[in-house]
Every structure is written in C-alpha cells, then in structure tokens.
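Participant: Reproduced below are the annotations present in TrEMBL:
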| type | residues | note |
| --- | --- | --- |
| DISULFID | 123-135 | disulfide bond |
| DISULFID | 130-148 | disulfide bond |
| DISULFID | 142-157 | disulfide bond |
| DOMAIN | 39-105 | domain 'Chitin-binding type-2' |
| SIGNAL | 1-20 | signal peptide |
Ligand SMILES: *[C@@H]1O[C@H](CO)[C@@H](O)[C@H](O)[C@H]1NC(C)=O
Ligand SMILES: *[C@@H]1O[C@H](CO)[C@@H](O)[C@H](O)[C@H]1NC(C)=O
C-alpha cells in the first residue's frame, strides 16, 4: 500500500516536472533589492535538487537550477505539487501535507564535501583532505563518525566515492565457490555456454504467512509440479513476524521451501531502514530469525537470507551485521533494467551496477555476503513497439499490469529476455495480496509454471539452490543428477501438528493489542517483539 502511494506520488511529480519549463519563473530581471540572483541561488547546487524560493504560500512550489537552456544560461524550472500535497525538501518529493514537516525550510542543508580528487596529493601518504584542508587518516572517512572539524569525512560515502570502498572486481582474486564477480555483472559462472545453463526461476513472497495467503501457496505449490530432475518446484518466503502463523511456516519448510527473514517489526517508515544502526538491523533480522526458528521449530540452520522492508537497503551497517550473524545473502538490491540481466554476485568486490532506488544506500565496503540481485522486469505491454519505460522490481510495482493477459505477457517476455541472453536467474517477486487481488493473476502464474515445466531446461528453485548451482556450475546435460538439488526432493508425510496452539498474547511494547501466535510449539509468555524476541519477558533480558 505504502509503496503504491509513493510511486503514484513520484509519478505526479514527474508529470509536474515535465511541464515545468513552460512555467519558468524568472527572478533575475534586474535589481529587485531583496532577490538573490539566479547565479547566486544556483552556485554549487546540483541540477536535480529542488528548493523553495520562499516559505510563504502553501508549500507546493519548488524550483531547480536548469542548465540545459540555450547559450548555457541557467534558469529556474519550477514544479508545483498537486492540490492537497506539499513538497518535502528532505525527501525531494511531493507528499500529503500532513507528512511534510519542513515547509519552514527553503532548502536541504548543504553538506561540505571532502577534497578527494586533486592533481597533486595535498596530504601525506595514508591521509586525505577534509573540506577545510585538514588532513586525516583515510580509514576515518565514512566510518559513521565525523572526524573532520567540518564533518566532511562523512559526506561522500557512496559506492563511487567512499575512499575505503571495495575494489573493482578482480577475477584472478575472486574465485568460486566463495567469491563470484564480473566487471559488468553479466558473466555466467564457470564460463558455461548459455545453451547449457538451466534457466532458474525464483518465486519469492514477502510478508506474513497466514490465513490470507496459505491457500494461494497451496495452489501454486500443490506437490504435483516437478522440475526436470523430478523434484518438486520450490519457492522462497521472506517472512515478517506480525500476524504470521508459525505452524504454516513450519510446514512450508518441511515441504522444502526456503524461509528467509523480512524483519521483525516491518516498521512503516522507510528511513528507519535506510538509516538504521547496526543494532537496529541486528534486532530486526537476527531477532526475526530467532522467532522463526523457535516457533516454526526450524533447527537446521537453513535461515540464511534476508530482504529489507520496502527494499530499503541499510548500507554497510546492514551487511556488517549480516556477516557477523552468518547471514549468507541479501535479496534487496535492485539492478536497473538493462539489455542483459545481472547474475547474483558476492560483495567482496564492488557491486557491478548502479545503486538503483533503495534510497541509494548500497554497501560501499567489502562484505563476505552474496547479493541475490533483483533484476528489474521489463513491464512494457508490447516490447516490440512501446517506448522504453523504467523497469519494476516487485511484480506488483509494475503498476501498468492490470489484466491477466498483460501479466501473462510480462512473464513470457521477461522469461525470453533472460533465456535468450545470459540466462541469469529470473526473479519473480510477489506480495501474495497482489496475486490474490484478481483470480486471473493466480491462474496465469500457474499456467506459466506449467508451460515452463514442459520444457527440460527450466527449474523453479530457491535462492539457496541458485547459490548452490553458482558454486558448482553444472551443465544441463548433467543436471538431473546434481546432488545439491536432490535434497527433500519428493516430500511426503504429514504436517508436524494438526491443531496448532493459538496463543493469545500481549506485549508491553504494543500496548492495547492482543495478538494470536499460531505455533506447534509451546506458547510463550508474551507476544515476541523487538526487545523481547523470545517472548520470555523482559525480566530475563541481559
Ligand atoms: C495455521 O497454519 C496451519 C498449518 O498450515 C493451519 O492448519 C491452521 O489452520 C492455520 N491457522 C490459522 C488461524 O490460519
Ligand atoms: C522440533 O524439531 C525437533 C528436531 O527436528 C524434533 O525432534 C521435534 O519433535 C520438533 N517438535 C515439534 C513440536 O515439532
């Protein structure tokens, strides 16, 4: 829901921006004493930054410095948010008036940048220059703690600018099974010929597992659909805690699906994730794993992957936590739609594509973690004819997909894009509620799966199975005997319990709410939450 609103707002903003140049307001028509000149206003200001000319009015109007005018003259291009909305200076987007807290500010605070690129070194070896010319140790840059007097050491820390960033991919150093990278991210592991690579498809689902979606999962994974090696098709479930039925999660795991974490609170505040501290990520993700392991009785250490809520990647802190806690992969970074899709990669070396979306907080440092990158889907209805459109990462964020026919074309067109190029795994990422919103969506997905399974070169696998294949790249001809994919091949038997406990629980952390925790295990004392993930109570907390 929140995501739909955001993209809708972004769209409105774009529409506004497109018409802006017809409404350019000139401010430089000579000496109106108080007015700043455009040159002053635009000095050192990035061309994509919107700011207000005044704080009077209804907070809908902003401008930016447009340098594309004739004769290199800079002019101000203006944008007005639609009625009822206001422009948020911090987030640089239109939002509901009540959500915008900075109508009293004209611009984003300007940040002083360090002086990293100079013709001659300005500092002794091992040191770099702050914005004010002070020299400090290189290691102190981008360590989340201001060390320069002007604090500029923390202001240039992207994947491109962090002085301590991971090095570019070096294929002689980065070798399987633990490391995989390629210069542009499109290379096939093991240098296998594309026509000998299985087309892997990963179906993933985000959110709570409960009565709203268990039936959907039963329909898609009905136990009758087998990959060419005779094993049942598999999916990956990134589970958030609240409202999850852990006995259903236990059963998904028993049937060979992969369980990953999608956080404990799933807090509806994107910046909480982008700016989260190491401890926030630890409590959210390791806490969520603890809850699942306990209440879904998953004891085999198989919860190794995570996805960030709203795909808001938490930069280096998220990945440092992951390495410390033995999370093997993240599945939250998106790669922009390109001609050839990207294979998953490890983050020992620099990521091979632009940091796309996700509030641009991609990890810049080296981390021993796999990135199961989400390649954006091409959403065009008629790819041979339509103009190019930005891609979409979750299938439900392809907002132009309204009918079953459109969805069916989206699936096949994107399958062909992957299959006919480098056969990078095709990720189809869903919220169950979208698939259930129209019966035809579910029907089309099942039709697509069945059509694919009639071939002998397509496998529906989990994220872990993708990593297993990449660590041991095996040609299609030998794949039927690939041992890593034979585990829990044919699942029989019954769920662990026929009647789960329906524990009615409260927690001091969520005053006034009584929540039901469904589990085959014993009921805890309290509803598990972020300060008390076991539900044992605060008193026993260290
Ligand atoms: C929870 O999941 C189990 C296993 O799928 C199911 O038997 C039970 O009916 C579910 N309970 C609720 C309330 O959804
Ligand atoms: C939990 O898992 C353990 C180990 O796999 C098993 O011995 C035990 O019976 C399970 N308990 C329940 C209630 O499912």
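All residue numbers here begin at 1 and follow the chain in the order shown.
Heads up, the Cβ atoms here are built off N, Cα and C, so glycines get one too.
Just so you know, TrEMBL annotations are computer predictions that nobody has curated.
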Participant: I'd like the Cβ neighbour count for residue 142 (disulfide bond), meaning other Cβ atoms within 10 Å of its Cβ, all protein chains included.
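Facilitator: Summing over all protein chains shown, residue 142 (disulfide bond) has 23 other Cβ atoms within 10 Å.
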Participant: Relative to the Cβ position of residue 157 (disulfide bond), how many further Cβ atoms are located within 10 Å?
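Facilitator: Its Cβ shell of radius 10 Å holds 22 other Cβ atoms.
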Participant: Can you count helix, strand and coil residues in the domain 'Chitin-binding type-2' (39-105) using DSSP?
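Facilitator: Split by secondary structure, the domain 'Chitin-binding type-2' (39-105) comes out as 10 helix, 21 strand, 36 coil.
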Participant: When DSSP states are folded down to helix, strand and coil, where does residue 142 (disulfide bond) land?
Facilitator: coil
Participant: Looking only at the domain 'Chitin-binding type-2' (39-105), report the model's average pLDDT.
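Facilitator: PLDDT averaged over the stretch: 86.
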Participant: Among the disulfide-bonded residues listed here, 123, 130, 135, which has the most company in the form of other Cβ atoms within 10 Å of its Cβ?
Facilitator: 130
Participant: Given a separation of at least six residues and a C-beta threshold under 8 Å, show me what packs close to residue 148 (disulfide bond) in the same chain.
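Facilitator: 114, 130, 131, 132, 134, 136 - these are the non-local Cβ neighbours of residue 148 (disulfide bond), listed in sequence order.
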Participant: May I ask for the distance between residue 142 (disulfide bond) and residue 123 (disulfide bond), taken between their Cα atoms and rounded to an integer number of Å?
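Facilitator: Counting only the Cα atoms, the answer is 18 Å.
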